[in-house]
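Novice: Pulled these features from TrEMBL for this protein:
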| type | residues | note |
| --- | --- | --- |
| SIGNAL | 1-24 | signal peptide |
| TRANSMEM | 291-313 | transmembrane segment |
| TRANSMEM | 357-384 | transmembrane segment |
| TRANSMEM | 390-412 | transmembrane segment |
| TRANSMEM | 432-453 | transmembrane segment |
| TRANSMEM | 465-486 | transmembrane segment |
| TRANSMEM | 514-540 | transmembrane segment |
| TRANSMEM | 546-569 | transmembrane segment |
| TRANSMEM | 581-606 | transmembrane segment |
| TRANSMEM | 618-651 | transmembrane segment |
Amino acid sequence: MATWADLVRPVLLMVVLLCRPAFAFYLPGSYMHTYSTGDKISVKVNSLTSIETELPFSYYNLPYCRPDEGIKKSAENLGELLMGDQIDNSPYRFKVNVNESLFLCMTKPLSEHEVKLLKKRTRDLYQVNMILDNLPAMRYTQQKNGALIQWTGFPVGFTPSSGSEDYIINHLKFKVLVHEYEGSGVQIIGTGEEGLGVISEAEKKKANGYEIVGFEVIPCSVKRDPEVVSKLNRYDQIDPVSCPLELEKSQIIREGERVSFTYEVEFVLSDIRWPSRWDAYLKMDGARVHWFSILNSLMVIFFLAGIVFVIFLRTVRRDLTRYEELDKEAQAQMNEELSGWKLVVGDVFREPSCPKLLCVMIGDGVQIAGMAVVTIIFAAFGFMSPASRGMLLTGMIILYLFLGIVAGYIGVRLWRTIKGTSEGWRSVSWSISCFFPGIVFVILTVLNFILWGSNSTGAIPISTYFVLILLWFCISVPLTLLGGFFGTQAEEITYPVRTNQIPREIPARKYPSWLLVLGAGTLPFGTLFIELFFILSSIWLGRFYYVFGFLLVVLFLLVIVCAEVSVVLTYMHLCVEDWRWWWKAFFASGSVAVYVFLYSINYLVFDLRSLSGPVSAILYMGYSLIMAFAIMLSTGTIGFLMSFYFVHFLFSSVKID
């Protein structure tokens, strides 16, 4: 006879296989490049981004200098496309270890449209993002108290406190940090956009040279004489500039003005080694807050564990021991005096309402939870560094697609358990493969039309849409159907007690049970909300999130809290003779999504006060809704499976004919 464990055994097996020990180490970033003095290196440009609007735009949407060979897009993975990244080449050229001050180009007289666009991008605080050897340009600003604040990118322009005019950033002072490298006795393994590779001994000898370990920029605005500048050609030498300059010497944004773009580059030897070059970007702020979050979660877990301990050892075990020690006549007499959960023995496994929907949501929940666990484990071990743009999102999509086989198996297995037959398993499998992806697809399509209307690079290209649909129907759907077929062939799970033909009447209560279920979500949310702040900040404020070790611990604690909350709520409902526990077990832990969504609204109001425009707010709410829905399915599935085990174990110990 199969047991509840057959429902989760494939999930555990996959986690064990994916997490088996391996002897390796990871260095964030791409395959290491070494350069000789005088080698030419190019700067790439990414989409313009802002925390004001959250709408990315192309760099060449503004009247910037264009490369002589034309605009060429860099190779982009699926994650980069979905995140709105658009990486192009640029005319900025450096020569290793050669300090230069160069003229780039001068624009034609600015048109009315270009002036409006520059002013709008300036006032919306858009940032220009540049990349050199896979390192984003970093900028430092000093506060009044002397503290340095680190930023990535530099603003399109600035508006003085008077607010009368806007000025464009047209002169850049670059500082490139290089480390002298000697290729001997060191093995380097990289996992970036250039792929995985190992430097051989022969290559090490050729690899002597300089590594780029830092990329900093100081932006400023400089007004130059158009008559003098018009005589210069691209990459002609110019005099260095001391930044910042007075407003009188800055380049104003005005119709008819011709803007000249120039830059300086300085190479500085650094002691930073190539494997540590991302440390400056990945500085972990608020480590004490992360530890506080974990300690807070542990307190909640111990509190709930104490309740579960009392339920099992003091109440359930005591009642079962007393019951087993009685003879048959005494048991029959005791059956008439039973109270609480023992009275619903003939109804506890009665088919729930909307059984197909429950199976579909459990199947999708297993798929999402499995994807989250495996992704965070890989990220915690360094396989999904921010240096590899888009790899985190790409990995999540791939894992979700292939975990369809587990989702189909679990969903159909639960369907067979509830219905007692495999009839209709194809419909269940199809629903599992289309339920969550279909909802996400509808929301993303609506948001995409909004982005298309704004001419934002955040809009998903039509070609990418077809790729996603192709992956969905060619990988996820067939694997889900295959998993469902395996579910029909697996050994049947049988209930430990028989179900009565006539359902037992549920006693009336003063307060609705759903109020208790909704309140139960506060405990898992207490485990999650501090880490949720850092996650939202990384998504909407352009910060790097790289504390996946903390996130893995928080995820582990969240699973425990969800399981404990669901078990306690299920037991409480059974004790008041409420045998409709199926959906309540799911939403006891799944209701955390309500608080996550409310917290997202709170974050929008109080932490994203600068977010302007209805388009940005709609985008934010749409993505928050997708996140909350995924959290509901995954946490609800964890709680339901644990409650199913609890109820199955509890009533399998009761020997009643």
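Positions of Cβ are set from backbone N, Cα and C atoms, glycine also.
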Novice: Apart from its near flanks, which chain residues at least 6 from the ends of the transmembrane segment (357-384) lie with a Cβ under 8 angstroms of it?
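Specialist: Answer is 11, 14-15, 18-19, 26, 28, 191, 391-392, 395-396, 399-400, 403-404, 406-408, 410-412, 414-415, 418, 428, 431-432, 435-436, 480, 548-549, 551-552, 555, 582-583, 586, 630, 633-638, 640-641.
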Novice: Using Cβ distances below 8 Å and needing 3 or more such pairs, separated by at least 6 in sequence, tell me whether the transmembrane segment (465-486) contacts the transmembrane segment (432-453).
Specialist: yes
Novice: Taking a Cβ cut-off under 8 Å, which residues six or more beyond the ends of the transmembrane segment (546-569) line up next to it in the same chain?
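Specialist: Long-range Cβ neighbours of the transmembrane segment (546-569): 282, 284, 290, 293-294, 297-298, 300-301, 304-305, 307-308, 311, 372-373, 376-377, 379-380, 384-386, 516-517, 520, 523-524, 527-528, 531, 534-535, 584-586, 588-589, 592, 635, 638-640, 642-643, 646.
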Novice: I'm a bit unsure how to read this: which one of 390-412, 432-453, 581-606 has the highest number of Cβ pairs shorter than 8 Å with the transmembrane segment (514-540)?
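Specialist: When the Cβ pairs under 8 Å are tallied, 581-606 comes out ahead.
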Novice: Near the transmembrane segment (390-412), which same-chain residues lie under 8 Å Cβ to Cβ, leaving out any that are not at least 6 residues past its ends?
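Specialist: The answer is 7-8, 10-11, 14, 76-83, 85, 359-360, 362-364, 366-368, 370-371, 374-375, 378-379, 384, 422, 425, 428-429, 432-433, 471-472, 475-477, 479-488, 490.
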